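Trainee: After the structure tokens below, expect a handful of questions from me.
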Amino acid sequence: MKWLLLLGLLALSECIVHKVPLVRKKSLRKNLIEKGLLQDYLKTHTPNLATKYFPKETFASVSTESLENYLDAEYFGTISIGTPPQEFTVIFDTGSSNLWVPSTYCSSLACFLHKRFNPDDSSTFQATSETLSITYGTGSMTGILGYDTVKVGNIEDTNQIFGLSKTEPGITFLVAPFDGILGLAYPSISASDATPVFDNMWNEGLVSEDLFSVYLSSNGEKGSMVMFGGIDSSYYTGSLNWVPVSHEGYWQITMDSITINGETIACADSCQAVVDTGTSLLAGPTSAISKIQSYIGASKNLLGENIISCSAIDSLPDIVFTINNVQYPLPASAYILKEDDDCLSGFDGMNLDTSYGELWILGDVFIRQYFTVFDRANNQVGLAAAA
């Protein structure tokens, strides 16, 4: 009997899911609107999702990443770096691969308005001579790379490389609700070839399975979760459907089609899609998105937002994304976002033709509806209806 109990405890210990709560806060866009700064901001900082993906096909620098594209991000988690630990609020971003935070090396105003990592206060920090540069808008975040203990939930990684910012020009981060970014994509797109956090977790034997999963709650600030090393079936209904990763860089998959009332409105001959927790909206080619906006009756306001009548939500159809022969319907309650007295379309246009064809981004609008597993061991994405 004792042996059976011991074996049971061992089996349980091998499948521990390390959960990190995410909090839903006001996005950078909302903060700018409340301060009356959005119009001025958009004059000099144009969000363009195309700059985040496949930079080598779009720009000269391999480390280009448009930080304006976090304008609508709403889900954030807490990590700590150093000994004793220094806490930071970060975006857990499956659309990038680097971890970086502001540091005391940085004298930009944006850094002073956020938590800054002080390497002098950490007994375990190890400096390097390597640099990091992430270009965005009219300037760039520059910094250095160092090693230290990074704690994510109850996972303590004692040898994680990360970026310490030295400059953060512009106003992008002045009212940003987060300090830094923790990338969860593949190492092949990591700037300066820095080992991503999850890769290090797996390499160091800190997680029992080479996968992580994400649940984004639709209700209230709390309840969202990123889970490392396992899957908690209480966060979804039915069974997981698995989709092969079509290219190992981003979490990129092949999508069969997009339909409304049985009519194909986009992606007629299949297309590529990136599942990205760091993108709030659902994005695709401008021409296709314009067609969808017209279909649902959305029109732009003075701030460039796509507004729709809130009274129309109940009469709007599902938009169906077919992936690996499985249909994933998005009801209007999912793709129409209520903002105080306004209702906004959850779709955004971008133009980026890659060597893989047209690209779509399945951001938080999609992930809120479908619990998502990012399986590195088998290079696949699992999807199931969120509980």
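The backbone N, Cα and C atoms fix where each Cβ goes, and this holds for glycine too.
Just lifted these from Swiss-Prot, have a look:
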| type | residues | note |
| --- | --- | --- |
| ACT_SITE | Asp93 | active site |
| ACT_SITE | Asp276 | active site |
| DISULFID | Cys106-Cys111 | disulfide bond |
| DISULFID | Cys267-Cys271 | disulfide bond |
| DISULFID | Cys310-Cys343 | disulfide bond |
| DOMAIN | 75-384 | domain 'Peptidase A1' |
| MOD_RES | Ser129 | phosphoserine |
| SIGNAL | 1-15 | signal peptide |
Trainee: I'm checking region-level scores; what's the whole-number mean pLDDT for the domain 'Peptidase A1' (75-384)?
Mentor: 93
Trainee: Mind checking which of Cys106, Cys310, Cys343 has the fewest other CB atoms within 10 A of its CB? They're the disulfide-bonded residues.
Mentor: Cys310
Trainee: I'm trying to understand the geometry here, so how far is the Cα atom of Asp276 (active site) from the Cα atom of Cys310 (disulfide bond), in Å to the nearest whole number?
Mentor: 27
Trainee: Taking DSSP three-state, what's Cys111 (disulfide bond) in: helix, strand or coil?
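Mentor: DSSP call for Cys111 (disulfide bond): helix.
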Trainee: Determine, using Cα-Cα distances only, which of these recorded positions is closest to Cys271 (disulfide bond): Asp93, Cys106, Cys111, Cys310, Cys343.
Mentor: Asp93
Trainee: Reported as an integer number of Å, what is the Cα distance between Cys111 (disulfide bond) and Asp93 (active site)?
Mentor: 20
Trainee: In angstrom units, rounded to an integer, how far apart are the Cα atoms of Cys106 (disulfide bond) and Ser129 (phosphoserine)?
Mentor: 17
Trainee: Can you give me the same-chain residues 6 or more apart in sequence from Cys267 (disulfide bond) with a CB-CB distance under 8 Å?
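Mentor: The list for Cys267 (disulfide bond) reads Met255, Asp256, Ser257, Ile258, Gly284, Ala288, Glu358, Trp360, given in order along the sequence.
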Trainee: Can you tell me the CA-to-CA distance separating the residue listed as 'phosphoserine' and Cys343 (disulfide bond), as a whole number of Å?
Mentor: 49
Trainee: Fill in the CA-CA distance, Cys343 (disulfide bond) to Asp93 (active site), as an integer in Å.
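Mentor: If we compare the Cα positions of Cys343 (disulfide bond) and Asp93 (active site), the gap is 26 Å.
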Trainee: Please determine which of the active-site residues listed here (Asp93, Asp276) has the lowest count of neighbouring CB atoms within 10 Å.
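Mentor: Checked Asp93, Asp276; of these active-site residues, fewest Cβ neighbours within 10 Å: Asp93.
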Trainee: How big is the gap, in Å, between the Cα of Cys310 (disulfide bond) and that of Asp93 (active site), rounded to a whole number?
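Mentor: Given the Cα positions, Cys310 (disulfide bond) is 30 Å from Asp93 (active site).
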